[in-house]
Amino acid sequence: MPSVSPAGPSAGAVPNATAVTTVRTNASGLEVPLFHLFARLDEELHGTFPGLWLALMAVHGAIFLAGLVLNGLALYVFCCRTRAKTPSVIYTINLVVTDLLVGLSLPTRFAVYYGARGCLRCAFPHVLGYFLNMHCSILFLTCICVDRYLAIVRPEGSRRCRQPACARAVCAFVWLAAGAVTLSVLGVTGSRPCCRVFALTVLEFLLPLLVISVFTGRIMCALSRPGLLHQGRQRRVRAMQLLLTVLIIFLVCFTPFHARQVAVALWPDMPHHTSLVVYHVAVTLSSLNSCMDPIVYCFVTSGFQATVRGLFGQHGEREPSSGDVVSMHRSSKGSGRHHILSAGPHALTQALANGPEA
């Protein structure tokens, strides 16, 4: 997040995009909110490194096109072609919406730079969309991981909290919390940047990363138990690859931005040009998450693939979902239990591999 030294931008230095420091204008001596600095970072980068700015804008253009197509298709399938709105589907729909928001905010970034430089109102949609997407994406990725853990490892005890109404309440809380955090950060003009950076980094990034890492490890341990049948090996491998891919994408997309926040807070004398370049590269990596989420959570699942093939007139055999497997287990045993682990390794692996259908 951007900051400059107390001397202000007139000192000839490019502002650091870090968490929070006091910024004063030469004319009035008033503190400037961080949002005012975010709105002008493109001008700073273009004036210092025009080639890099053009390259990053080309990448953002590709992200916009790919994200619009993938997320638009995902939103249509999950909202219009998926009848069972399970908790996983609800979390995935909200994740797709956040990715669409950041994609739709990118054209505003081009328009602001070329046609409305210095217009804070014009820059607001992009700045708000970016930070809201980052906060919501982290939280919804965490929700999806926790939901997969409950469905696979704790299906019996989590039956009550894995209801659609509960998932909708969680999503509403995520949107409100992310919006409040985003607006408060953009309006910050105070001091004590180190304390705020560490607090935000722990709450926004390290805590969700810890939850995702621990629950991913627990799920992989459950999938790796010796009793798995041979015919379930292919689905088990696919499920493990999905979990690792989710964790890797989370690290690649969100770690650089938060690591840079902490680095600038601990090293306030970091060269301004270095800080500016690292900030823009980290923002680009974070935006890349908006067109990678549909690939991980939608196209990897067999149910989504079958629906997309049906839309394009290509019919293929669809694997039974985890709900089908559990229902078959109930009818054969007659016990009325939903415990996926007791339904066998094949059902356990499908519960993860079918993702939003479970």
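Any Cβ shown, glycine's included, is placed from N, Cα and C.
The annotation topological domain 'Extracellular' is assigned in Swiss-Prot to 1-48 (among others).
Positions annotated as N-linked glycosylation site by Swiss-Prot: N16 (among others).
Annotation comment: Swiss-Prot describes N26 (among others) as N-linked glycosylation site, evidence class sequence analysis.
What Swiss-Prot records for 49-69 (among others) is transmembrane segment, and it gives sequence analysis as the kind of evidence.
Summarising the annotation, Swiss-Prot assigns topological domain 'Cytoplasmic' to 70-86 (among others) and lists sequence analysis as the type of evidence.
Long-range contacts of the transmembrane segment (87-107) within its own chain (CB-CB distance under 8 A, at least 6 residues past either end) are made by residues 60-61, 63-64, 67-68, 71-72, 74-75, 78-79, 125-126, 128-130, 132-133, 136-137, 140-141, 143-144, 147-148, 151, 162-164, 166-168, 170-171, 174-175, 287, 289-291, 293-294, 297-298, 355-358. What Swiss-Prot records for 87-107 (among others) is transmembrane segment, and it gives sequence analysis as the kind of evidence.
Annotation comment: Swiss-Prot describes 108-125 (among others) as topological domain 'Extracellular', evidence class sequence analysis.
With a cut-off of 8 Å between Cβ atoms, the residues of this chain six or more beyond the transmembrane segment (126-146) that come close are 35, 38-39, 88, 91-92, 94-95, 98-99, 101-102, 104-106, 108-109, 112, 167, 170-171, 174-175, 177-179, 181-183, 185-186, 204-205, 208, 211-212, 215-216, 246, 250, 254, 257, 283, 286-287, 289-290, 293, 297. Per Swiss-Prot, transmembrane segment is recorded for 126-146 (among others).
The topological domain 'Cytoplasmic' annotation in Swiss-Prot covers 147-168 (among others) and is backed by sequence analysis. Mean pLDDT of the predicted structure over the topological domain 'Cytoplasmic' (147-168): 86.
Annotated transmembrane segment per Swiss-Prot: 169-189 (among others), in sequence order.
What Swiss-Prot lists as topological domain 'Extracellular' is 190-196 (among others).
Within the same chain, residues 18-20, 135, 138-139, 141-142, 145-146, 148-149, 181, 185, 243-244, 246-247, 250-251, 254-255, 258, 261-262, 264-265 sit at least 6 positions outside the transmembrane segment (197-217) and bring their C-beta atoms closer than 8 Å to a C-beta of that stretch. If you look up Swiss-Prot, you'll see 197-217 (among others) marked as transmembrane segment.
Swiss-Prot lists 218-238 (among others) with the feature topological domain 'Cytoplasmic'.
Swiss-Prot lists 239-259 (among others) with the feature transmembrane segment.
The topological domain 'Extracellular' feature in Swiss-Prot is assigned to 260-275 (among others); the stated evidence is sequence analysis.
Long-range neighbours of the transmembrane segment (276-296) within the same chain, counting only residues 6 or more positions beyond its ends whose Cβ lies under 8 Å from a Cβ of the stretch, are 2, 14-17, 41, 44-45, 48-49, 52-53, 56, 59-60, 63, 66-67, 70-71, 73-74, 95-96, 98-100, 102-103, 106, 130, 133-134, 137, 141, 242, 245-246, 249, 252-254, 256-257, 260. Marked as transmembrane segment by Swiss-Prot: 276-296 (among others).
The helix, strand and coil residue counts that DSSP assigns across the topological domain 'Extracellular' (260-275) are 11 helix, 0 strand, 5 coil.
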